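Trainee: Shown below is the structure under consideration.
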Amino acid sequence: MGARASVLSGGKLDAWEKIRLRPGGKKKYRLKHLVWASRELERFALNPGLLETGEGCQQIMEQLQSTLKTGSEEIKSLYNTVATLYCVHQRIDVKDTKEALDKIEEIQNKSRQKTQQAAAAQQAAAATKNSSSVSQNYPIVQNAQGQMIHQAISPRTLNAWVKVIEEKAFSPEVIPMFSALSEGATPQDLNMMLNIVGGHQAAMQMLKDTINEEAADWDRVHPVHAGPIPPGQMREPRGSDIAGTTSTLQEQIGWMTSNPPIPVGDIYKRWIILGLNKIVRMYSPVSILDIRQGPKEPFRDYVDRFFKTLRAEQATQEVKNWMTETLLVQNANPDCKTILKALGPGATLEEMMTACQGVGGPSHKARVLAEAMSQATNSTAAIMMQRGNFKGQKRIKCFNCGKEGHLARNCRAPRKKGCWKCGKEGHQMKDCTERQANFLGKIWPSHKGRPGNFLQSRPEPTAPPAESFGFGEEIKPSQKQEQKDKELYPLASLKSLFGNDQLSQ
């Protein structure tokens, strides 16, 4: 064990025992880890003596690095231990195993970049040496004998084009994909790319019609010169030659490599892209004017839909810029539109997306609701004050001095004698009879009797009094009393109807 533990000594051993096994952990490296690493190296048939130097640790890491992805946890632990030991040998200050691995990866990346730069320099030198004999204008290249030859489009490129059509159909991103895959292609290569499209034959027929129209325009603008063709010169291409239907591959190569060149491949490619634009427009029937942000749609998703539809629009770049500046703000939802208008017309797309981030979320809804409730409360209070329905706080009034702002028990004025309501002495205000009458003109509550809004007595049904024709009759005292009662209560008796009651006599 002593021989195995003698890998480090002195200051290196102190530095080794200060390194933690894990970031933020309590355990640190000890001599037992070196002993374990030596035994593992012997088990894997590696020389444990390599641990004594930094170069030896580097060799061990190169051997173990290829097995890290498929190796066991013991191999990974051994690699981490050797990497940490390498940092100790190289005097690289690290605090834990993860930091040591990061340092090792950084060193390896720098070494790899230097190797790549050296290889690139060698390739550039070789290309410069052979540039006089070989042309790299793919797919038309010049061989060592100085002849211009054609290299067909690779099956991988054709397969990528077919997958794009199958997955994307004719969405706007198909056009830049076609442009990238057909870079430098001849008309024959372009026709091959169009012929391998199995489905979407209606779209292919539309594309053929567009190509025929453009070929006819080319023939109209570039008429054939009269007379024979001078010897050594090639004939001028017609529209059908550019489309690759009446020209051979050698003629196409000759036009593209002549001096001055006639880029029949680029011209044909431009016609195809024009037809693809029409097809994309047909497969994307949604107009840019119909792209509107939903009430709960995030602004980022709305911008994605907007620009995806904008790519399918057949318009110049100036018109598309105007659509972006105008319609993007105009078709946003009310919340985002308020924010975008506050930014001003010169705001960039990044500023717009940053300002509208989070619009429609819970926090934004809560803030908008709070503002709306605050505005509603303020407007209601203003309306009540305008109508005169708003009553301020009722101020208290002192019954002693008659002033407002304090109660009678807190009044500093001399104590008023008697009732505080009528000013008379002998009773208090609670017993004062001079109170405000109710709507019937009665003082309520009364001490006796029924309430003022009830009848105080029930009248009995009566008849009119009988007429008296007693000439010179003597009136008895009882008759006088009855006559007096009749005068006071004319309806309180029925004697006028039934005469003298026998029971009452």
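Sequential numbering from 1, following the chain as shown.
Cβ coordinates are placed from backbone N, Cα and C, and glycine is handled just like the others.
Residues annotated as compositional bias 'Basic and acidic residues' in Swiss-Prot: 473-486. The N-myristoyl glycine feature in Swiss-Prot is assigned to G2. For S154, the entry in Swiss-Prot reads phosphoserine, with the evidence type similarity to another entry. Positions annotated as asymmetric dimethylarginine by Swiss-Prot, on the basis of similarity to another entry: R415. Look at Swiss-Prot and you will find 7-31 tagged as region 'Interaction with Gp41', backed by similarity to another entry. Feature annotation from Swiss-Prot assigns region 'Interaction with host CALM1' to 8-43. The region 'Interaction with host AP3D1' feature in Swiss-Prot is assigned to 12-19; the stated evidence is similarity to another entry. Taken from Swiss-Prot, the feature region 'Interaction with membrane phosphatidylinositol 4,5-bisphosphate' covers 73-77, and the record attributes it to similarity to another entry. What Swiss-Prot lists as region 'Interaction with host PPIA/CYPA and NUP153' is 195-233, and the listing cites similarity to another entry. Sequence annotations record features per position, and here Swiss-Prot assigns region 'PPIA/CYPA-binding loop' to 223-231. Per Swiss-Prot, the feature region 'Dimerization/Multimerization of capsid protein p24' maps to 283-369. Among the features that Swiss-Prot reports, region 'Disordered' is placed at 448-486. Per Swiss-Prot, the feature motif 'Nuclear export signal' maps to 16-22; the stated evidence is similarity to another entry. Residues or ranges marked as motif 'Nuclear localization signal' by Swiss-Prot on the basis of similarity to another entry: 26-32. Residues or ranges marked as motif 'PTAP/PSAP motif' by Swiss-Prot: 461-464. Per Swiss-Prot, motif 'LYPX(n)L motif' is recorded for 488-497.
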Trainee: If we count other C-beta atoms within 10 Å, could you say which of the modified residues S154, R415 has the fewest?
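Mentor: Counting other Cβ atoms within 10 Å of each of the modified residues S154, R415, the minimum falls on R415.
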Trainee: When you scan the chain for residues with a C-beta under 8 Å from the region 'Interaction with host PPIA/CYPA and NUP153' (195-233), skipping those not six or more beyond its ends, what do you find?
Mentor: 158, 161-162, 165-166, 169-170, 239-240, 242-243, 267-268, 271-272, 274-276, 278-279, 282-283
Trainee: What's the CA to CA span in angstrom from R415 (asymmetric dimethylarginine) over to S154 (phosphoserine)?
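Mentor: One finds 116 Å between the Cα atoms of these residues.
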